[in-house]
Amino acid sequence: MPSKNGPLRVGIGGPVGSGKTALTDKLCKAMREKYSVAVVTNDIYTKEDAEALVRMQALPSERIVGVETGGCPHTAIREDASINLQAIADLNRRIPDLDVVFIESGGDNLAATFSPDLADLTIYVISVCQGEEIPRKGGPGITKSDLLVINKKDLAPYVGADLEVMEHDATRMRAEKPFVFSDMKRGEGIERIVEFLTVQGGL
């Protein structure tokens, strides 16, 4: 399902601290040997996430672009995605063989969604640390994303989150749409996410 004029564009959204940057890092490292990969990160007033990915050595620095959205970060991925579309166009010019571009949104709320003009597939990341009730609270990120990632499952015992309850609620809220439990520190769940992108993205 790559875009008509370029690479598969994968939007990665979720609240602050859910693990979006850690997921982006792990996906880049898992896919960079087989595919030509790049990243666009969104921050309100800095390029902190882009700089973090460079430090993590997710990809060479020329493949990572940070955009400063100002104001509300969800505007840059939904109502007016032009700043991100321009960043992708610039990457395409510099790296014409791109297969995949990950677009990491700024930390936002459960209502954040990507414009279909910007993302071909969307991943929404939540953390068990936000409470076991998060999946049943719903919102477009929970119910409409192509893949829901429930991250930091290793911390569930420490924050009183019941993974079985979260699994039940995610199944109910998402109907047939898939979700994955993950632990980015140990890389658990990454293989399933890569498989999802490969199959659903037509890579």
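All positions are counted from 1 along the displayed chain.
Quick reminder: no glycine exception, Cβ is built from N, Cα and C everywhere.
In Swiss-Prot this protein carries:
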| type | residues | note |
| --- | --- | --- |
| BINDING | Gly14, Pro15, Val16, Gly17, Ser18, Gly19, Lys20, Thr21 | GTP binding site |
(message) Validating a neighbour-count step here. Other CB atoms within 10 A of the CB of Val16 (GTP binding site): how many?
(response) 12
(message) Which one is it: of the binding-site residues Ser18, Thr21, which Cβ has the fewest other Cβ atoms within 10 Å in this structure?
(response) Thr21
